[in-house]
Amino acid sequence: MAAGVAAWLPFARAAAIGWMPVANCPMPLAPADKSKRQDELIVLNVSGRRFQTWRTTLERYPDTLLGSTEKEFFFNEDTKEYFFDRDPEVFRCVLNFYRTGKLHYPRYECISAYDDELAFYGILPEIIGDCCYEEYKDRKRENAERLMDDNDSENNQESMPSLSFRQTMWRAFENPHTSTLALVFYYVTGFFIAVSVITNVVETVPCGTVPGSKELPCGERYSVAFFCLDTACVMIFTVEYLLRLFAAPSRYRFIRSVMSIIDVVAIMPYYIGLVMTNNEDVSGAFVTLRVFRVFRIFKFSRHSQGLRILGYTLKSCASELGFLLFSLTMAIIIFATVMFYAEKGSSASKFTSIPASFWYTIVTMTTLGYGDMVPKTIAGKIFGSICSLSGVLVIALPVPVIVSNFSRIYHQNQRADKRRAQKKARLARIRVAKTGSSNAYLHSKRNGLLNEALELTGTPEEEHMGKTASLIESQHHHLLHCLEKTTGLSYLVDDPLLSVRTSTIKNHEFIDEQMFEQNCMESSMQNYPSTRSPSLSSHAGLTTTCCSRRSKKTTHLPNSNLPATRLRSMQELSTIHIQGSEQPSLTTSRSSLNLKADDGLRPNCKTSQITTAIISIPAPPALTPEGETRPPPASPGPNTNIPSIASNVVKVSVL
């Protein structure tokens, strides 16, 4: 009964406030959907991050990857998951698109990576929501401009070797930092532009009076000096214009360009003044032409990145500037008409016509207020106040857009310059790395270590020999010298670098193993005390200058009784067969292995080169419990195993 009351209580409350009537009988249970199964809750594993959603959620957009059957290719049978090796952060936005139907762009994501993820899942970026679409388009445009700049710089660098003379000259004009000569010409033209502008200003300054005449300007008092300065500047500008015209890729487009027109207007008054006579009728026209010399200041735009950015900003804000001009024109006409009719009844009014009222309207809307024209009537003052407030609103609205565009273009140029500098430094490092291969680097490093060791142990003559001799050959001959000192045998060189043939010596096996060159230096500076341990460093006839640290390694000494295949596998670079007089066999007594260091050969590093190597000796036969050695192996015969023969192989590795 209590359960029934609890079930009806929400409906009773709803009926009390008028939501729904109270039913006469209990509500039936909700029908179970047989088609809805638990396995419709699928798991999407994106780079280790698991996302769960309903299959019907993904099937809302069957044209995409997750909504089609193509996602079955990514199904993992072991984990029963769909695994995608993609960015999990972007996938969160993708999954929200399937859930809500709205695609958003996260501002912290890279635009290229975001586009790649959308392309992988088969989602068009045009369906991005209105709240994020403008941000997406701005980032897309900036990325496209950056890639275009990078491609242009790469194309310019790739086409540099095949540039013609004209192309090289034009590239020097457009980018003066390509060569020293172009940079010098760039600064020379900039200096003469500054001199020309200063001359045009200073020649109008009064420079005293002449007796019997009025005060003269400097241009007339020192006419020769100013003429020489003007001539020098015009000559430089003329040469620059002709060179640019010659090197231009398209001369027609160059002549039509704004900077070309400025160059012509800047130098034309000088040549017109040369051919113009002193006739008073044309002197006024000549003075008017001299005014155009002030346009030479626009030539600074080639030398100032800020001026160029300002030009690009005004060009990119053409629509905003057009809106500003159109709004001002409408407001000027409206308020000029209103002010004319408002001040028409005043006797001392200066608003004589609507065009005359334009001046007052322009000055008022731009918040200048010269005060030469002021309204007299109350209606004129009221409309004048409205005109002033309207001007503030009309002018202030497009200004933030222009400022933001200027900031965007400026920072874009800064980033482009920084990328070019970084790329130039990276290419320089790559060129330096390509000049020397890894073998050359290792060769020089090894020579440095060996020369350092020779400076401590060798004589000047030997150091000179070590520097002039070949590294590998010197190491090889040093190794032969060490073997001769150790075994008392002579060697016949079969190959000057790799292989040597001599007679056999039993129970010796030299194994190749790479060691550092400083091992020899350490061994030459150290005296080994006598010891009772069977160390190789104290054994007479077995110690060499290139194997003094063999006892410090943990590598097990191979046994001469191992199979021949094991012995052959230990050979790496070369095999030395030793031939000579009959040598006494090694004693099998453990006490005979412990000799004093003075009895053996002392380490000898007084050679032209030092070679580091590892010589491993087979372990002597084990002793019997009675202290006697086991009998030696039988002499070779028809039934002798291969290991007894293979034990006479000496293997040497030359570093």
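Cβ from N, Cα, C; glycine included.
Listed in Swiss-Prot for this protein:
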| type | residues | note |
| --- | --- | --- |
| BINDING | H104, C110, C131, C132 | Zn(2+) binding site |
| BINDING | T367, L368, G369, Y370 | K(+) binding site |
| REGION | 70-78 | region 'Interaction with KCNIP1' |
| TOPO_DOM | 1-182 | topological domain 'Cytoplasmic' |
| TOPO_DOM | 205-223 | topological domain 'Extracellular' |
| TOPO_DOM | 247-253 | topological domain 'Cytoplasmic' |
| TOPO_DOM | 278-283 | topological domain 'Extracellular' |
| TOPO_DOM | 307-318 | topological domain 'Cytoplasmic' |
| TOPO_DOM | 344-352 | topological domain 'Extracellular' |
| TOPO_DOM | 401-655 | topological domain 'Cytoplasmic' |
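For C110 (Zn(2+) binding site), the number of other Cβ atoms no farther than 10 Å from its own Cβ, over all displayed protein chains, is 12.
The C-beta environment of T367 (K(+) binding site), restricted to residues of the same chain at least 6 apart in sequence and closer than 8 Å, consists of S388, G391, V392. The average pLDDT computed over the topological domain 'Cytoplasmic' (401-655) stands at 51. Per Cα geometry, L368 is the residue among the binding-site residues L368, G369, Y370 nearest to C132 (Zn(2+) binding site). Counting Cβ atoms from all protein chains shown, C131 (Zn(2+) binding site) has 10 others lying within 10 Å of its own Cβ. Close to the recorded K(+) site, the chain also has V363, T364, T366, G371: residues not among T367, L368, G369, Y370 whose Cβ is within 8 Å of the site's Cβ mean position. For Y370 (K(+) binding site) paired with C131 (Zn(2+) binding site), the C-alpha to C-alpha distance reads 46 Å. For the topological domain 'Extracellular' (344-352), the list of distant contacts is 360, 372-373, 375-377, 380: same-chain residues at least six beyond its ends, Cβ to Cβ under 8 Å.
Of the binding-site residues C132, L368, C132 has the largest number of other Cβ atoms within 10 Å of its own Cβ.
Long-range Cβ contacts of the topological domain 'Cytoplasmic' (307-318) within its own chain (Cβ-Cβ under 8 Å, at least 6 residues beyond either end) map to 300-301, 398, 401-402, 405-406, 409-410, 413. Proximity of distant same-chain residues to the topological domain 'Cytoplasmic' (247-253), defined by a Cβ-Cβ separation under 8 Å and at least 6 residues beyond the stretch ends, is recorded for 166-167, 169-170, 173. Listed in sequence order, the residues of the same chain lying 6 or more apart from H104 (Zn(2+) binding site) and placing their CB within less than 8 Å of its CB are C93, N96, F97, I128, G129, C131, C132.
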